[in-house]
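S.K.: Below you'll find the structure I mean.
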Amino acid sequence: MLVLCSRSRLTSSLIRRLKDQIANVSNHRSFATSEGHRLAIVNKRSLDILQDPWFNKGTAFSMTERDRLDLRGLLPPNVMTTEQQIERFTADLRVLELTTKDGPSDTYDLAKWRILNRLHDRNETMFFKVLIENIAEYAPIVSTPTVGLVCQKFSGLYRRPRGMYFSSDDRGEMMSMVYNWPAEQVDMIVVTDGSRILGLGDLGVHGIGVAIGKLDLYVAAAGINPQRVLPVMIDVGTNNEDLLKNPLYLGLQKKRLDGEEYLAVMDEFMEAVFTRWPNVIVQFEDIQNKWALTLLQRYRHKYRTFNVDVQGTSGVAIAGLLGAVRAQGRPMIDFPKQKIVVAGAGSSGVGVLNAARKTMARMLGNDESAFDRARSQFWVVDDKGLITEKRANLDPEVQPFAWKENEISLQGLNEGAKLVEVVRQVKPDVLLGLSAYGGLFSKEVLEALKDSTSTRPAIFAMSNPTKNAECTPEEAFSIVGDHVVYASGSPFKDVDLGNGKIGHVNQGNNMYLFPGIGLGVLLSGSRIISDSMFQAAAERLAGYMTDEEVINGVIYPSISRIRDITKEVAAAVIKEAIEEDLAEGYRDMDARELQKLNEEQILEYIEKNMWNPEYPTLVYKKR
């Protein structure tokens with residue numbers, strides 16, 4: 001009898017808790033709260049549910065759901081499987097991508113973006129299913145490079161709100177504004193101020209297209225629940241004269257804020273989002289060089305935040321540089337012996353320099369002497385030429401890599417030496433481009449690289465978009481030779497070298513790292529994102545390729561394997577968080593339990609917490 005009473009009380013308590021949860025759900029927009037197979041409670045029916053992209057299934061609603069949600073008669077009678085839906089969409093896409101052009105300036109890629117965006121607007125689950133199953137084809141459409149064209153045309157392409165806009169006119173209101181977003185949980189925010197969109201410059205409010213595209217990749221690659229991501233635009237004005245004069249421009253038509261005023265807006269935004277969502281991760285994207293490092297240093301020790309251009313790009317570059325060492329048939333530990341000429345000293349260039357130096361130093365013993373020795377492996381060239389200590393108004397971030405005049409003169413070089421002179425004298429193992437200057441690696445520069453002391457010199461033309469690449473793969477292979485290792489920031493096709501040989505193009509896309517970084521930080525519960533996490537992620541990515549692949553010049557894996565790559569990177573981040581005693585756990589996995597997991601169990605834990613695009617079972621609950 002006592003047992004029965006105890007069970008009765010337990011059951012009543014459970015029922016009360018479930019009723020409370022349902023009541024809470026009915027008071028706001030419903031969101032799925034677990035990955036994989038799930039049930040979602042919705043407070044709408046009929047046409048309203050068909051117009052909600054989060055819960056719309058289109059022709060895949062079962063007959064029982066059609067009855068339950070008052071959909072019978074509003075849809076064709078044949079219930080389609082998701083496979084049939086994808087087949088119908090793909091067949092239409094192949095035809096429509098040739099017929100939806102709005103004019104001669106509308107490329108096929110932009111036509112594909114339009115069609116995918118329309119699917120995203122009406123059926124989010126199907127959109128991500130299509131994206132995941134065709135990731136190699138569609139990642140360049142939803143993100144780089146097509147997103148650059150989307151941002152340029154954003155005012156004309158804007159149809160449906162996606163994400164949030166915080167402007168300098170909203171000062172004093174941001175703490176209340178964040179509650180306008182319907183999700184009770186947000187795991188990932190990607191935010192930009194539109195000041196440096198790819199290599200296109202200041203695009204103002206149009207830059208939100210980049211944040212939207214990056215979060216699409218977070219969902220596809222890392223399995224972050226799409227109902228728990230938030231693209232954000234911080235509109236502090238624009239210095240783009242065309243936008244300031246354009247009557248159809250959607251943003252603030254005033255000059256861009258600077259100095260303390262700019263920082264005040266960013267401070268208020270960060271405080272607001274972390275007040276409502278204390279566990280959110282904020283990724284800064286395409287922030288102009290003058291603010292990128294400042295914002296990173298300002299917030300990284302207080303909030304879970306990182307800058308993908310500074311840290312993500314550098315991590316992918318390090319993975320590629322380590323892969324280039326492997327492609328020479330040498331162990332990665334030989335990396336500190338590489339001579340690297342770096343073209344570009346902006347935020348991305350400095351980020352790569354610092355990360356590469358730390359990697360070398362760690363391999364050399366990780367002491368002060370190791371850091372000093374690592375510095376001597378880099379020659380940095382900007383638009384004024386080789387950087388030495390003689391340079392006036394030298395950026396403090398670049399100072400550690402400035403050669404002393406007496407040291408550099410022994411190499412036959414001096415302050416301001418042109419890139420071709422530096423390559424000719426140094427004979428580098430790696431020519432690394434982060435300049436955002438298309439064609440910088442001219443025929444003359446590439447000819448000079450032919451005298452490299454490396455058995456297999458590497459060329460990293462990492463600037464985006466495609467037109468800003470320092471050289472094309474055809475130029476690299478035809479001028480330097482078949483043995484060169486080539487990597488770029490934007491996608492290029494492999495090069496047919498003749499006689500059955502292929503010149504492999506390795507796209508150093510930061511997509512290889514940032515989804516895994518975000519997922520690893522989320523699942524570890526780390527309160528900050530350390531440099532060592534990026535280091536661990538880069539090394540895991542570099543070791544992902546087989547020996548046979550790297551010997552053939554393949555130093556980055558196929559994007560089609562991105563979900564598996566992301567799991568590996570996330571595992572490396574989680575292990576590093578545990579090692580640094582930063583992990584605090586996630587959901588029902590506390591820090592102590594997390595520490596007990598072996599490598600295989602960590603990967604299983606990650607897999608379990610990745611969202612998959614499967615339609616939830618919908619249950620109607622009246623408000």
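Quick reminder: no glycine exception, Cβ is built from N, Cα and C everywhere.
Found this in TrEMBL, in case it helps:
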| type | residues | note |
| --- | --- | --- |
| BINDING | Arg196, Asn464, Asn509 | (S)-malate binding site |
| BINDING | Glu285, Asp286, Asp309 | divalent metal cation binding site |
| DOMAIN | 120-300 | domain 'Malic enzyme N-terminal' |
| DOMAIN | 310-578 | domain 'Malic enzyme NAD-binding' |
S.K.: In angstrom units, rounded to an integer, how far apart are the Cα atoms of Asn509 ((S)-malate binding site) and Glu285 (divalent metal cation binding site)?
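M.R.: Distance (Cα to Cα, whole Å): 14 Å.
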S.K.: Across the record's (S)-malate-binding residues Arg196, Asn464, Asn509, the largest CA-CA distance in angstrom?
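M.R.: This binding site's residues have a maximal Cα-Cα distance of 18 Å.
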S.K.: What whole-number Å value do you get for the CA-CA distance of Arg196 ((S)-malate binding site) and Asp309 (divalent metal cation binding site)?
M.R.: 11
S.K.: Rounded to the nearest angstrom, how far is the Cα of Asn464 ((S)-malate binding site) from the Cα of Glu285 (divalent metal cation binding site)?
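M.R.: Between the Cα atoms of Glu285 (divalent metal cation binding site) and Asn464 ((S)-malate binding site), the distance comes to 14 Å.
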S.K.: May I ask for the distance between Asn464 ((S)-malate binding site) and Asp286 (divalent metal cation binding site), taken between their Cα atoms and rounded to an integer number of Å?
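M.R.: Cα to Cα, Asn464 ((S)-malate binding site) and Asp286 (divalent metal cation binding site) are separated by 11 Å.
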S.K.: Asn509 ((S)-malate binding site) has how many other Cβ neighbours within 10 Å of its own Cβ?
M.R.: 26
S.K.: Average the per-residue pLDDT over the domain 'Malic enzyme N-terminal' (120-300) and send me the rounded value.
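M.R.: For the domain 'Malic enzyme N-terminal' (120-300), the model's average pLDDT rounds to 94.
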S.K.: Suppose we draw a 10 Å sphere around the Cβ of Asp286 (divalent metal cation binding site). How many other Cβ atoms does it contain, all chains included?
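M.R.: Taking every protein chain into account, the count is 24.
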S.K.: Around the C-beta of Asn464 ((S)-malate binding site), how many further C-beta atoms are within 10 angstroms, looking at every protein chain?
M.R.: 23
S.K.: Can you count the other CB atoms that lie within 10 A of the CB of Glu285 (divalent metal cation binding site)?
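M.R.: Taking all protein chains shown, Glu285 (divalent metal cation binding site) has 26 Cβ neighbours within 10 Å.
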S.K.: Please list, in sequence order, every residue of the chain apart from Glu285, Asp286, Asp309 whose Cβ lies within 8 Å of the Cβ centroid of the divalent metal cation site.
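M.R.: Counting only non-site residues, the set is Thr192, Arg196, Ile197, Val210, Phe284, Ile287, Ala292, Asn307, Val308.
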S.K.: What is the number of other Cβ atoms found within 10 Å of the Cβ of Asp309 (divalent metal cation binding site)?
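M.R.: There are 27 such Cβ atoms around Asp309 (divalent metal cation binding site).
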